[in-house]
């Protein structure tokens, strides 16, 4: 019983220790590349598939009048 509890505690400690060893450089580079993309590139990559390239909506809702109220 004590060996099983010790093994679980040790395994959990190892998982947390390895999780804290992330590569911060990788995180920074992915944020930089996302911020250097233009809004049109982001829309084409992430939104156009559902909202169509003219915003008329395909499987997603029509976005042509979004923001027109203000």
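A Cβ is built for glycine as well, from the same backbone N, Cα and C atoms used for every other residue.
Those TrEMBL annotations? Automatic predictions, nothing curated.
Residues 51-70 are the range that TrEMBL records as region 'Disordered', among 31-50, 51-70. Listed by sequence, the residues of this chain that lie at least six past the ends of the region 'Disordered' (51-70) yet keep a Cβ under 8 A from its Cβ atoms are 44. Helix first, then strand, then coil: DSSP counts for the domain 'Cytochrome c' (34-70) stand at 15 helix, 0 strand, 22 coil.
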